[in-house]
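Visitor: Positions annotated as domain 'Protein kinase' by Swiss-Prot: 25-309. Residues or ranges marked as ATP binding site by Swiss-Prot on the basis of sequence analysis: Leu31, Gly32, Ser33, Gly34, Ser35, Phe36, Gly37, Val38, Val39, Lys54. Per Swiss-Prot, the feature active site, proton acceptor maps to Asp150; the stated evidence is sequence analysis. The phosphoserine annotation in Swiss-Prot covers Ser184 and is backed by experimental evidence. The feature phosphotyrosine is assigned by Swiss-Prot to Tyr185, with experimental evidence given as support.
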Amino acid sequence: MSDDSHLETKVVTDGTTGEKKTISYEPCRVLGSGSFGVVIQAKLVGTPGFIAVKRVLQDKRYKNRELQIMRAISHPNIIKLIAFFHTHNPSKDETHLCLLLEYMPETVFDDMRWYTRRRKSIPNLSIKLYAFQLFRALAYLHSTGVCHRDIKPQNLLVDYKTGILKLCDFGSAKVLVPSEPNVSYICSRYYRAPELVFGATHYTTKIDVWSAACVIAELFIGRPLFPGDSSVEQLVEIIRVLGTPSYHEISVMNPNYVNHSLPNVRPHTLESVMPHNCTKNAMDLLHKMLTYVPSKRISAIEVLTHPFFDELRDPNCMYHCSRDEGTIERHLPPLFNFNLAELSIRPNLNKAILPPHVYESLDVDINNFEPIVVKQADADS
């Protein structure tokens, strides 16, 4: 470590217990920046690894949704909030929120780029690993009432060596209340569900499923599935693959949508745009996720039961990252260490999700347990 003059010492609030404590960290490098603020990598004194520090400007008119939600949730495939603190600049009358977060070395976007630059495809097993962990995180998140609203490759942190994935960036996340409207211009364009493109303000967590499906397709293709440069172009891209939605489908997505003059585009099929390494099971799963009517779109917990993931349920399955030199094989990262809250989401699906060889390692008897009501995140956000 360099000299102590680079250290920043702060009184922070623990992200789990709420207790105050003093920590010191040394900023290392900028990981990302944008309208939201900046994220840096830092070395936390007294620990062997790194953390990420996210600094965002506070709007005094609102509680910070991201902080509220991150304090309310906890999951192996969601980035952990270690601690947080506020800073105030009197001269500018500005307050910033600083989140100290678990650090991961890359994003799914970075991993994809490594392969595409070498004109290679991400191995199917890696796609299955990333997809399973993403939908496991979403199944838990949705069970708490929270919708992420910005699923994209840049918000999926990974360690390609171990295959572990964690969902991050809850800056757009919100507890969805059925009776309350939401903004429709949410989510990065390539990953926006069609009901959002049609301007719906009453939508469900199924928008995350659509976005995640777009990410899975992109992992196979190596580029975005629906790369629209505007809202109209986004709709054209979707119609080009899935065909024109019927008036009934449009009215279900947004009953208030009145402009029924849709682009006249000659449709392809999903099969025609997906590469040869996209298996029959993968194609079937994509079809179940990429449907216009949200209620017909498969849910995140249901996705986990799909045969596409059966290879991961094989106790002899080993993970080999083709980015590694040599032929290092590793055991899969923990995929089935479901806690009681996860087992309680849809108890009737547990045996379709979890392979028999993990039953004994669970904290509960999968054949005889009392499901709990999953704690809902605070909607006052």
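Just so it is clear, glycine is given a Cβ too, placed from its N, Cα and C backbone atoms.
Surface or core, plus neighbours and distances: that's what I need for these features.
Guide: Of all Cβ atoms in the protein chains displayed, 19 besides its own lie within 10 Å of the Cβ of Val39 (ATP binding site).
When Cβ atoms from all protein chains are considered, those within 10 Å of Asp150 (active site, proton acceptor) total 21, not counting its own.
Annotation note: Ser184 (phosphoserine) sits in a coil segment as assigned by DSSP. In this view, Ser184 (phosphoserine) is surrounded by 19 other Cβ atoms within 10 Å of its Cβ, with every protein chain counted.
Counting only residues at least six positions away in the same chain, the Cβ atoms of Leu196 sit under 8 Å from the Cβ of Tyr185 (phosphotyrosine).
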Visitor: Got a sec? Which of these binding-site residues, Ser33, Ser35, has the most Cβ atoms within 10 Å?
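Guide: Sorting the candidates by Cβ neighbours within 10 Å, the top entry is Ser33.
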Visitor: Just to confirm: which same-chain residues, 6+ apart in sequence, have a Cβ under 8 Å from the Cβ of Gly37 (ATP binding site)?
Guide: Lys54, Arg55, Val56, Leu57, His96
Visitor: Near the ATP site, what residues other than Leu31, Gly32, Ser33, Gly34, Ser35, Phe36, Gly37, Val38, Val39, Lys54 in the same chain have a C-beta no further than 8 Å from the centroid of the listed C-beta atoms?
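Guide: Once Leu31, Gly32, Ser33, Gly34, Ser35, Phe36, Gly37, Val38, Val39, Lys54 are set aside, the remaining close residues are Arg55, Val56.
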Visitor: Can you tell me the mean pLDDT for the domain 'Protein kinase' (25-309)?
Guide: 94
Visitor: With Cβ-Cβ distance below 8 Å and at least 6 positions apart along the chain, what are the contacts of Leu31 (ATP binding site)? List them in sequence order.
Guide: Val39, Ile40, Gln41, Ala52
Visitor: Would you mind reading off the Cα separation of Ser184 (phosphoserine) from Asp150 (active site, proton acceptor), to the nearest angstrom?
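Guide: Ser184 (phosphoserine) and Asp150 (active site, proton acceptor) have their Cα atoms 12 Å apart.
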